[in-house]
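Per TrEMBL, GTP binding site is recorded for Gly6, Pro7, Ile8, Lys9, Ser10, Gly11, Lys12, Thr13, Gly57, Asn111, Lys112, Met113, Asp114. The Mg(2+) binding site annotation in TrEMBL covers Thr13, Thr33.
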Amino acid sequence: MCLCLGPIKSGKTFLMKRLQGDVIDDAVNTVPTNGINHFTIKDSTGKFDTIVRDIGGSMAPIWKHYFDRVGKIIYVVDASNLCQISAAGVLLYSLLVEPRLRAIKIALTLNKMDLSYRQMRNEALLILQYSRLQKEATQTLTIFETSGMTGEGVEKLRNWLFDPATLKSATANK
Ligand SMILES: Nc1nc2c(ncn2[C@@H]2O[C@H](COP(=O)(O)OP(=O)(O)OP(=O)(O)O)[C@@H](O)[C@H]2O)c(=O)[nH]1
Ligand SMILES: [Mg+2]
């Protein structure tokens, strides 16, 4: 099972809609997720699919109830929200120290990269205290730069989700 987590309004639901292949236009508006969305994501050939559970940022205090049998987490950070990035790092740290998540793969996703006032990758990683997190992490972290709005980085994220080297551990835990 794969979870999609991150602070409120970081763009999780929007990004999952994009990954699922929903039509994104001006009419697509997301509402804050006060619960869980399930998205069916297909691989690039369209032959295989997997379910991603998108849990609202407002539910962070109870994310831990959904950690059993998790193999992967897509952790979404809003790179345009300077005030939120360091809090996102603290929240990520709380996942890294969770015993049930010790051996998982994490896609650290710097999102909303279409916005001109976003933080650049290196600055965002600095604010997240990434090098410190990485030293302590037992998990494998991979960094992505994405935009649910333009679709940037979305195919790379899809390939990570279906990477044969990591898929086995994720499906074994399904
Ligand atoms: N410019 C830009 N805006 C985005 C992007 N992704 C999401 N947004 C906007 O950010 C807002 C929040 O997006 P959501 O996908 O609902 O955020 P969320 O992380 O699911 O929020 P919660 O469900 O509250 O945890 C919406 O108004 C989106 O239109 C993006 O890549 N670029
Ligand atoms: Mg949401």
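Positions of Cβ are set from backbone N, Cα and C atoms, glycine also.
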Largest inter-residue Cα distance among Gly6, Pro7, Ile8, Lys9, Ser10, Gly11, Lys12, Thr13, Gly57, Asn111, Lys112, Met113, Asp114 [record-listed GTP binders, Å]: 21
For Ile8 (GTP binding site) and Thr33 (Mg(2+) binding site), the CA-to-CA distance in whole Å is 9
Taking the Cβ of Thr33 (Mg(2+) binding site) as the reference point, list residues of the same chain whose Cβ is under 8 angstroms away and which are at least six residues distant in sequence. Lys12, Thr13, Asp54, Ile55, Gly56, Gly57, Ser58, Met59
If you skip the near sequence neighbours and keep only those at least six away, which residues in the chain come within under 8 angstroms of Gly6 (GTP binding site), Cβ to Cβ? Lys12, Gly57, Tyr75, Val76, Val77, Asp78, Ala88, Leu91, Thr109, Asn111
Residues with Cβ closer than 8 Å to the Cβ of Ser10 (GTP binding site), same chain and 6+ apart in sequence? Gly57, Val76, Val77, Asp78, Asn81, Gln84, Ala88, Asn111, Lys112
For ligand 2, list the binding-site residues among Gly6, Ile8, Ser10, Gly57, Lys112, Asp114 whose CB atom is within a distance below 6 Å of it, in sequence order. none
Counting only residues 6+ away in sequence within the same chain, which have a CB under 8 Å from the CB of Asp114 (GTP binding site)? Ser147, Met149, Thr150, Glu152
Across all the protein chains here, work out how many other Cβ atoms are within 10 Å of the Cβ of Ile8 (GTP binding site). 16
For Ser10 (GTP binding site), name the DSSP secondary structure in the helix/strand/coil scheme. coil
Lowest local Cβ density (other Cβ within 10 Å) among binding-site residues: Lys12, Thr13: Thr13
